[in-house]
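Participant: Structure provided below as structure tokens; questions to follow.
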Amino acid sequence: MENIIWQCLLYLSLLTALAWPLGKYIGKVMDGEPFWLQRALAPCERALYRLMGVDPAEQMGWKCYMACVIAFSAVSLVALTALLMAQHLLPLNPRNVSGASWHLALNTAISFVTNTNWQSYAGESTMSYLSQMAGLTVQNFVSAAVGIAVLFALIRGVRASGGIGLGNFWADATRAVLYILLPLSLVMSLLLIEQGVPQNFTDYRAAALLEPLAAEDGAPITHQLVPMGPQASQVSPKQLGTNGGGFNGVNSAHPHENPTPASNMLEMLALLLIPAALCFTFGAKIGDMRQGVAIFAAMFILLTSAVSFTVQAELNATPQIAQGGQVLVAPQSGLQGQAGGNMEGKETRFGIAGSALWASATTAVSNGSVNAMHDSFTPLGGMIPMVLMQLGEVIFGGVGSGLYGMLAFVLLTVFLAGLMVGRTPEYLGKKIEPFEMKMAVVVCLTTPVVILAGGGLMCLAPQIVDSLNNPLPHGFSEILYAATSAGANNGSAFAGLNANTPFLNVLLGVLMLAGRFAPIAAILAMADGLAGKKICPPGAGTLSTCNGLFIFLLIFVILLVGALSFFPALALGPLAEHLQMTR
């Protein structure tokens, strides 16, 4: 237990120490302030603007900014869909994989364009090297850049005083890729290669098995194909950009994507690094670092609580595994200095602590990569990752999207506090009026509406229910998790159901699109409304939004919205399964 505590403390300490300076750096980058890297890459930036025909100084209103987001995403979606369907005709396909079906290609394109990275396929057997590099890896960069760009449009709206314009989308996205995502990914890729992650273009290699197996038909299996390919260059942006789509089907549980405890710690740090840093970026850009620290503190408290709960649930394991009433495995606990606990679906090189910490981190942010199989967690251990997504992916959340989602909850909290004391709500010197509240409510309720509607439709589809590998509460949990992952733009999965069908690929694609672009539209409209307001000096009755009381209120509102929205569904799934297990 002591080792687990030290491992978690080391991770959280490193995260905080790295996030602070990175947050200040990101703020300088996105506002075009001079800095050391700009001297080297400024010619490249200017060349990109000339190529696109863009004036980076041109200001956009929210409608123009949103139109650019939609146009860029639409072109990306069409291009990626075409690439996946035609990959069998293109080079860099040493395994001669066939083109993806229209519904799988569409689902995958939507998934990567929306920063969800839901995967209804196993990458090593379905995608060519060209598709992995020119298609999926490129989207790992640009989809994350879209989130950062939208966040900065909101920041400019908050700090403006009667001004117009939210910045330039093309300049914001270019700077996010060129100065933030590319340099960090390059450094991380080199570190991963040093740890043993492959980066090559060779064909898969056949390795002789130490213990040959027999197939179902009795044929001997003496060799195994070992996937090769450009894996390190995809793993780094998948983690840093909160994307999560792995080169291999089992993601970072695969020893090639995540071979050592050191690579595991590095990839976990990359999960949360930019979302955590953006909290400090926000504080620096509005001129009050206390605001960013308060938001970081609220996120940090929720994350550490989730990690503690998940670790405890997995250490306690299942009380019994029985067949015909006879206990086959005695209860175990990981607290007695042994491996113990629920090790099903986990890599022994990571253990319970590394697996539970990753599961909490990957669902707190909208990453979705895994180093263990969430479907094999205990009912309560698997419920926590689900709840973290259902809260709206605002506990650090996606790159950019997590913080702008959290700011919507901040406005909701300020509004509720204003109602209690009978004052017009204010945030950072700006009065929060009905229009801003309507947009904040759209952001806060999009995730619950999309998830519950999608999950309900899936439960009504006989082909989905019939495809479940597990019955009763756990089967329902698998359906709810799939809808949650798509609607919250996370991408992780419980598995257990056949996702690669036309119905599910299309339905989950619709959920991903709604979960991504409805909040973006509301955030940009809110930013435009805030930009037109004058900043008023704080008065004696102004609610402080950077003290412990406000942090508590913010956490309470986040949990209240999540609990009211999803408790009935959770009661039918993981909670019912836990009661069945312990009765």
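The backbone N, Cα and C atoms fix where each Cβ goes, and this holds for glycine too.
The transmembrane segment annotation in Swiss-Prot covers 3-23, 66-86, 135-155, 177-197, 266-286, 293-313, 402-422, 440-460, 506-526, 549-569 and is backed by sequence analysis.
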Participant: Would you kindly check 402-422, 440-460, 506-526 and say which stretch has the most C-beta pairs under 8 angstroms to the transmembrane segment (135-155)?
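Facilitator: Answer, by Cβ pair count: 506-526.
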Participant: Is the number of Cβ-Cβ pairs under 8 Å between the transmembrane segment (3-23) and the transmembrane segment (506-526) three or more, considering only pairs separated by 6 or more positions?
Facilitator: no
Participant: Which sequence-distant residues neighbour the transmembrane segment (549-569)? Criterion: at least 6 residues beyond either end, Cβ under 8 Å.
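Facilitator: Residues 294-295, 297-298, 301-302, 387, 390-392, 394-395, 409-410, 412-413, 416-417, 444-445, 448, 451-452, 455, 480, 543 contact the transmembrane segment (549-569) from elsewhere in the chain.
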Participant: Let me spell it out: take the transmembrane segment (266-286), skip the flanking residues so only those 6+ beyond its ends count, and list any with a Cβ under 8 Å from a Cβ in it.
Facilitator: 11, 14-16, 18-20, 22-24, 26-27, 30-31, 144, 148, 151, 155, 158-159, 180, 184, 188, 191-192, 195, 235-236, 239-242, 252, 258, 292-293, 295-296, 299, 354, 357-358, 361-362, 364-365, 367, 369, 371, 396-400, 402-403, 407, 428
Participant: In terms of Cβ proximity under 8 Å, which residues at least six beyond the ends of the transmembrane segment (293-313) contact it?
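Facilitator: Beyond its ends, the transmembrane segment (293-313) has Cβ neighbours at 4, 8, 12, 16, 19, 276, 279-280, 282-283, 352-353, 356-357, 359-361, 364, 377-378, 380-381, 384-385, 387-388, 391, 394-396, 403, 406-407, 410, 545-547, 550-551, 554-555, 558.
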